[in-house]
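Visitor: Below is a structure I'd like to ask you about.
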Amino acid sequence: MASSVSPLSPPFFSLLLILLSTSFAAAGNFNNDVDIIWGDGRGNIVNNGQLLTLSLDKSSGSGFQSKNQYLFGRIDMQIKLVSGNSAGTVTAYYLSSQGETHDEIDFEFLGNLSGDPYIVHTNVYTQGKGNREMQFYLWFDPTKDFHTYSILWNPSHIVFYVDGTPIREFKNLAATKGVPYPNNQAMRLYSSLWDAEDWATRGGLVKTDWSQAPFMAAFRNLNTDGCVQGPLASSSCGSKAWMNQALDAESLKKMKWVQSNYMVYNYCSDVKRFPQGLPPECSAN
């Protein structure tokens, strides 16, 4: 069905502003790095591969995946989230392997009513098991401009970053506490914009306002510095600086600041959810 939205309506005006704002930005090329895998035309690579947009309407969302798979890496991407009344929408940005015992490292951005803050939902799955949610507010409006969201994944730990500030660390405690760690399944990068009105905003109490559709998120400056698996595998990956990157005292101080001031949920504090005792990794945090 053809859209009845006027070319001068806010979603199209927003896209024009996004295109203008990326005209002078140095970036990787999405044409070389990713494939749009669903959405029937709702995902688009434009601006000579410098910008990727995903859109969501009542019929469908959209998504893309990296061409390569990685075993460990440092992933950075700038994202401008859905503006206005984004309640019910989720913009996901994550690494994942395949299968019932898959590993996964998640950023999910949960939309909200106009003027209310986004929630950054993070999770780590190992061998098919998640339930390790930590959620944060941001200290800026993520819809006004692009911001950098990063995942560091090396043999020692996983670190989630926002604009270079660490917000969460998941340590490799396999040897000391028997907690599974994602260290043997290659993962692709995925991103999607989809409707999750049954749970995303205030536990599903606030539904998606489809009169605001199409919703749009934009992506640029993707940097995937990882250990590529398969035919393009590199034998020099062990020399990458991020393979041994740790959090220094200043980084730990910044992470503590974020968690003290902007964390809104921590599974390691939810004793009602785990009546038999908190997960073993919680005692190491």
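In case you wondered, yes, glycine gets a Cβ from its N, Cα and C as well.
Just so you know, TrEMBL annotations are computer predictions that nobody has curated.
Under the heading signal peptide, TrEMBL lists 1-27. Residues or ranges marked as domain 'GH16' by TrEMBL: 3-219. Feature annotation from TrEMBL assigns active site, nucleophile to Glu104. The active site, proton donor feature in TrEMBL is assigned to Glu108. The N-linked glycosylation site annotation in TrEMBL covers Asn112.
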Visitor: Rounded to a whole angstrom, what is the C-alpha distance between Glu104 (active site, nucleophile) and the residue listed as 'N-linked glycosylation site'?
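Guide: Computed Cα spacing between Glu104 (active site, nucleophile) and the residue listed as 'N-linked glycosylation site' is 25 Å.
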Visitor: To what whole number does the mean pLDDT across the domain 'GH16' (3-219) round?
Guide: 88
Visitor: Applying a 10 Å Cβ distance cut-off over all chains shown, what neighbour count does the residue listed as 'active site, proton donor' have?
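Guide: Looking across every protein chain shown, the total is 20.
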Visitor: Neighbour count, 10 Å Cβ-Cβ cut-off, for Asn112 (N-linked glycosylation site): what number do you get?
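Guide: Asn112 (N-linked glycosylation site) is surrounded by 20 other Cβ atoms within 10 Å.
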Visitor: Return the count of C-beta atoms lying within 10 angstroms of the C-beta of the residue listed as 'active site, nucleophile', excluding that atom itself.
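Guide: I count 19 other Cβ atoms within 10 Å of it.
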